[in-house]
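First up is the structure itself, then whatever we jot down about it.
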């Protein structure tokens, strides 16, 4: 296929798609140019079904530093593992396209997005999401798209689609919403305590804007789209399924209704093992035993799936016996750990998270050097999910995509209520350790984070709580669930996480397994989540109503002084010599920003006070009319040089020593002598003249003798 180009304008920027020129061996490939951002997307499918029991979709988002005209950092000077932002963007693209593949589709699919040029005012992630959908849609891969996504901002009561960098910095909302023509199927958002009504309107505005992008994709597919390949879907043997259902459905139904998680898991596993043992013995001589046993496992999974959903939709019974809108038992504890700067333990049913706060000087902020201009990140929220939290063994190592994503969600939820840098000049790190998990652990980490911040004396604007909502839908009827547990998440259609304060929402995240959800479901889920959020905030506020008035004794104390910008170089000194000397003498940490704010950190208040004294001396300026207790440092014929303070000297001219004539300076003053002087002049070069006689009362003039006349 020869190169074909398609052009439109979207949200005030040119959107250009090129097909047929590059990556022609992929099943589908596009080059998307949005503004000056350029993204190459290639989609590839394996020829055979994978052997696993899940859909092996892999989405990558690769940031090439040349796209922003930068050299990669580090010794190797080449791109390494994906950055946190790249990982989050890959997840952002994966989530809306995953539901658009058929049930039972098991071929491996890879969608690789490579950022070739970067424009900070034209979203490369949005272009990559568009390119991913389009590459799949024009390929022979059986993808039931297209989908598209947009960013939505909110400034002065107006919604803005795909805001530029300046607009996003002023926005009260940072929302990414994706979906198909019919419905929304992915949401990721941070917000500055916005109401449910505003958030819902933002979602609908975003979905409305998506229609234009989907129509553009459909236009392109009509011209260059390939015929979809016929692929084998995972299907179980109908006779085998009927046999197992008839024999064991009742037993499995009883097992599913055991309320306690561990007991329920043991009961369902016992039924499954019994069934597997029977059919393995029956077909042990069959050459297709592996396929039969795979079908048996899939049938049992489908039976459990169907029973959980039936109980909720028809009988309104949840696996643990709760009502549809009921939250599991809650518990909140602060100051769980000694020595640390703050800690909070939050428990919701069988989900438990411990959050630990660490405060540090601003010099500890994380430097982010990606495609965007380098910046410093003051607040970090890290999420850890050890396998023991679900009673299992498993991999231990660096954080995976899921842990990075959950940490970022908590970060967005909590950063909206943090004090400004001027109010609280600390770098802040929260680490969430999930100790138990039966669903909604990311939201438990948000609640625990609130407890840790308040226990640590961080003056947050308001407590934040999070709740996960679920959905069971048969296409006609649906049930929205409050505080979903693991089984409801696994077998449900939606995981909709909502975090916020009593004033409004600070973060949203939604993933679904069906094609999309309606505005009515969104509205109901947001209303139900608000009620639940307030219940959780009641428990948090009953435990700790306000942030502790003081920091922990182990936290670094801080004092801030302001100096003139032109004095920064004086405090730092040549090659950092002066500031290093201060730090060596006092043992403190010092941060100086470009505005002249000097932050001094130490656990020793006396060291802070001494540092302030030294810096004040360094930046102090002589003023006309002020009196100083000075020391004579040099004597010349024309006067004496005195040190007023630190590195500021002044000249006391011979005529300013006394009201009477001074013949020789050395007759009156000597080096090392302390004298009081008054500054009388500072010239344009900063040279200081001082006077001793100005502090001495001027003697009266001698009276003239009267002349006698004869």
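The backbone N, Cα and C atoms fix where each Cβ goes, and this holds for glycine too.
Feature annotations, courtesy of Swiss-Prot:
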BINDING   489, 495  Mg(2+) binding site
DOMAIN    556-615  domain 'KH'
DOMAIN    625-693  domain 'S1 motif'
REGION    691-710  region 'Disordered'
COMPBIAS  700-710  compositional bias 'Basic and acidic residues'
Of 489, 495 (the binding-site residues), the residue whose Cβ has the fewest other Cβ atoms within 10 Å: 489
Composition by DSSP (helix, strand, coil) of residues within the domain 'KH' (556-615): 32 helix, 16 strand, 12 coil
Where residue 495 (Mg(2+) binding site) falls in three-state DSSP terms: strand
